[in-house]
Structures are given as structure tokens and as C-alpha cells.
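Chemist: Before anything else, here's the structure in question.
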Amino acid sequence: MRIGVLTSGGDCPGLNAVIRSVVHRAVVDHGDEVIGFHDGWKGLLECDYRKLDLEAVGGILARGGTILGSSRVQPAHLRGGVEQARSHVADLGLDAIIPIGGEGTLKAANLLSEAGLPIVGVPKTIDNDIASTDVTFGFDTAVGVATEALDRLKTTAESHQRVLIVEVMGRHTGWIALHSGMAAGAHAIVVPERPFDIDELTELVGKRFSAGKKFAIVVVAEGAKPRRGGSMEFEQGTKDIYGHERFAGVATQLSVELEQRLGKEARPVILGHVQRGGTPTAYDRVLATRFGWHAVEAAHRGEFGMMTALRGTDIAMVPLGEAVETLKTVPAERYAEAECVL
Ligand code: F6P
């Protein structure tokens, strides 16, 4: 078999572990040939690739980022993109393509699959928002980074009697905010799924000070927004060239508002891309390796139009179409478990 692999969308710890696993399983166990496209779908559309053998993937298991590079280019965004992809797959004699990516990448994968290309998807994202899989690799690493930052910020917030508003990633969903906030014992967790009321948030943090506490830590997902009709003026972001929202900085806006309302010094801390960089945790390396192994197996069984998924402790194959229908958001019951004890 000849297999093409690519990584597309925002990078995420564990991508290299999938690439390595695909190459090991395909080359060593099946005698396949594997090529890696550079910079996501762009590489497929421009026929820009390199051969991936055992030497090419040596020493990358623990490495962050992706040796193949990534971009947010999607075939559907480009005129004739789908036809171009089809003709390159035929010219290169590919029997399977394994795209590793998040929501946008998997939507493109589904589109190409519906157009008849032999696709087996592998989900990734630190946001953990892909439906049909219990967890995506990258999430555990990001939560670990955010938790460590929160632990550190707690001690400095306490020394200076400040309110620190810590912004974590999470465009549409608050999984990183929820898990890191729970793990670090944050005093308030703000997620996009529950638009916040600034008066309630002020009251919540204010109660802590009234009870004699001298500092507070608020974790907020970057995509969180105020409830409609509330008393806070909120600056919305603009869109980037791929239609993704460029956030205007919820933590910065909240810190101004909370400082005025509480009369306490409040500072924003934006964790940003540090959550996405660096070496993956052991959990993410294992999940990524299992996804790669199962993607190759699915390709050999001819199970195209499918995606690897974690279901409990097992890896299952699920239809790509189903996986991209909705995002996996934080359910109310999960948020209720984390509601803070001040
Ligand atoms: O999709 C993963 C993610 O890290 C989001 O949490 C974040 O909103 C986005 O990517 C940032 O993307 P970029 O690096 O392109 O700004």
C-alpha cells in the first residue's frame, strides 16, 4: 500500500507520535510505503511531500509540533481544490490518506471522502472538542501546562493580593478551562458554553474577599462572552482569513471590569500558544500512537470515510460525517461539578 499522511490546522503535542506510529505500523508490519505532505492540505494540493521511512521518524515521539509542518489551508477554500487533490492522489498512486487534524481538517477530510478519496482521519486538538471521541491527544498536555501555570499564579496572586484572570485556549468550548480550573482549584471558571454575567462574577469573587480571603484566580476560556443584555460593554474580535475569530482579549476586558467593580487590583494573564508547544505527556503519546496504529489498520481493511476515536479505553472507528456534525461542548452537569467553593 502507498499511504500519504499530513498534519493540518493548529499544531498540538502528539502529532509527531501519530506520524511515527503510522510509519512504524505501515512500513515495518505491512511493508507499505509512506509519504508525508508538507504543511497540511497545502502539501497535497501542491504535491509537496517527502518519503517517510524509519529513519525520518527516529527520535520524534517526544517532540512537540509536527515534523511535516501545518497550515490552515482547506481544499474547499480553493477553486478546484477537490479536483486537484483527487488528481494528485491518482498521480502519486496513493491507496490511503491519513489527515491528522481538528474540526476544520476533519470537515475537509469528510468532503474529500465524499468525493471518493480513500481517507482515514485522525482527530487532534488541545481543545478536546471533537465529537465522537472521548478525548483528543494534546488536551492532556495543554491541561497540564495550564494547571502548572495556575498553581504558580496562585502564589504570586496571594503575595500581592491580586485578582488574576487567566485566559486559556478554547475557541468554542471550555474543556481546558474546566479541567485546569478544577485541577488547580480556581475560584471561578468561565467557559464559552455559559455566557457570563459580569454582576454574578463580581459577586462571586467579591464574596471571597468579604470572607477575608486576599486573592482570587479566575480561569476564562478565550471564546467566553458575556450574556446578552448584561451590564458589561464587550469588544468582539475580528475574523482571520480562514473565518476564525481573532479574539479581542476576554481576560483583559474582564480584568478592567473586575478591578473597577471590586476595587481590587486585577491583572490578565494570557497563556496562549505555550499550551500547544513542547513535549506531549505520556497519556498523549500513548493515545496518539494508538490512533496512528489503528488508522493504518483501518486503511488496510478498506475502512475509508472513518476516523479513529477513543471510546472508554478502546479505539473505535467512527464515521467522519458523524464526527464533524457537532462540536463536543462542556455539558451543564460537568460544569456543575466544577462550580467553585470559595
Ligand atoms: O484549535 C486549537 C487552537 O489552539 C485553539 O484553542 C485556538 O483558538 C486556536 O487554535 C489558535 O489558532 P492560531 O494559532 O491559528 O491562532
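Every residue number used here counts from 1 along the chain in the order it is shown.
In case you wondered, yes, glycine gets a Cβ from its N, Cα and C as well.
Per TrEMBL, the features are:
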- ASP127: active site, proton acceptor (ACT_SITE)
- GLY10, ARG72, VAL73, GLY102, GLU103, GLY104, THR105: ATP binding site (BINDING)
- GLU103: Mg(2+) binding site (BINDING)
- THR125, ILE126, ASP127, ARG162, MET169, GLY170, ARG171, GLU222, ARG267, HIS273, VAL274, GLN275, ARG276: substrate binding site (BINDING)
- 2-298: domain 'Phosphofructokinase' (DOMAIN)
- GLY104: site 'Important for substrate specificity' (SITE)
Chemist: Tell me the Cβ neighbour count for THR105 (ATP binding site), meaning other Cβ atoms within 10 Å of its Cβ, over all protein chains shown.
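Modeler: Around THR105 (ATP binding site), other Cβ atoms within 10 Å: 27.
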Chemist: Looking at the binding-site residues GLY10, GLY102, which sits with the largest number of other Cβ atoms within 10 Å of its Cβ?
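Modeler: Comparing the binding-site residues GLY10, GLY102, the most crowded Cβ belongs to GLY102.
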Chemist: Could you work out which of the recorded positions (GLU103, ASP127) has its C-beta surrounded by the smallest number of other C-beta atoms within 10 A?
Modeler: GLU103
Chemist: Nearest by CA distance to MET169 (substrate binding site): which of the recorded positions is it, out of VAL73, GLU103, THR105, ASP127?
Modeler: ASP127
Chemist: Those binding-site residues, VAL73, GLU103, GLY104, THR105, ARG267, VAL274: which ones have a Cβ sitting under 6 Å from ligand 1?
Modeler: none
Chemist: Largest pairwise Cα distance, Å, within the listed ATP binders GLY10, ARG72, VAL73, GLY102, GLU103, GLY104, THR105?
Modeler: 13
Chemist: For VAL274 (substrate binding site) and GLY10 (ATP binding site), what Cα-Cα distance in Å is obtained after rounding to a whole number?
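Modeler: VAL274 (substrate binding site) and GLY10 (ATP binding site) have their Cα atoms 13 Å apart.
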Chemist: If one measures from the C-alpha of ARG267 (substrate binding site) to the C-alpha of ASP127 (active site, proton acceptor), what distance in angstrom results, rounded to a whole number?
Modeler: 24
